[in-house]
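See structure below.
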């Protein structure tokens, strides 16, 4: 596996591959890998001739007071895990090489970015869209693979590449969970032992919502009330950032469930802000 840090170097390599008709896949990451990341790399490896993994803790998607400085970093560990998954290139640029001092251009998808996570992180998706656009322009992959734990991120990026006519297929892959149901996340490292015991109840609450839906309930507020009641009893240390039931494509909230419907949440447990989601109706 090759480790590349210079943007122009990765772009030159990818231009050669594209000229030769090589099918490439990009897996954008912020590092500190776990089995969820490994599943994304494994999928990319299975469907592509060359796999590029980007490792970049993107300062532009963190707001004031967020965990940019604390976000876990271990390049040596991550490189070993990526190599074990058959990754061809690990692209690990420096922030100053992606964002020049006079950087003035941003990419936004306001229609999908101002709800859910965007309510408490108003500049987050501007940073995400800008860095993903940069990575796509540098690597020119046929596909880019993202985890569905951040469902909103996948929806935003899909709309972005559609609207900007970027020739890449955005692939969303299922959430990978711990045996007790907790969605795998690099931020799980922030949890204390007691918080780690409580955190799986985020998932269990969503599963209760799905069970209620499957029993015939179609009123969104009734379902959310049941989830919140469950959390109040089983997740006393949790602080809800948002809990919403939406159309999985448009992310528009729904009052009554009639077709494919997603329940998504962000919950703060101690120092960790944890995302999870679950389809209530549809695949």
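Glycine too: its Cβ is placed from the backbone N, Cα and C atoms.
Per Swiss-Prot, these features apply:
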BINDING   30-37, 147-150, 176, 184-187  ATP binding site
ACT_SITE  37  active site, proton donor
BINDING   61, 153  (R)-pantoate binding site
BINDING   61  beta-alanine binding site
Greatest C-beta neighbour count within 10 angstroms, which of the binding-site residues 36, 61, 148, 153, 186: 153
For residue 33 (ATP binding site), nearby residues of its own chain (Cβ under 8 Å, 6 or more apart in sequence): 77, 78, 81, 82, 186
Distance, residue 153 ((R)-pantoate binding site) to residue 30 (ATP binding site) (CA atoms, angstrom): 14
All-chain count of other Cβ atoms within 10 Å of residue 30 (ATP binding site): 18
Secondary-structure category, per DSSP, in which residue 33 (ATP binding site) falls: coil
Number of Cβ atoms other than its own within 10 Å, given for residue 176 (ATP binding site): 18
Around the Cβ of residue 37 (active site, proton donor), the count of other Cβ atoms that are within 10 Å: 24
Residue 37 (active site, proton donor): nearby binding-site residues from 61, 148, 153, Cα cut-off 10 Å: none
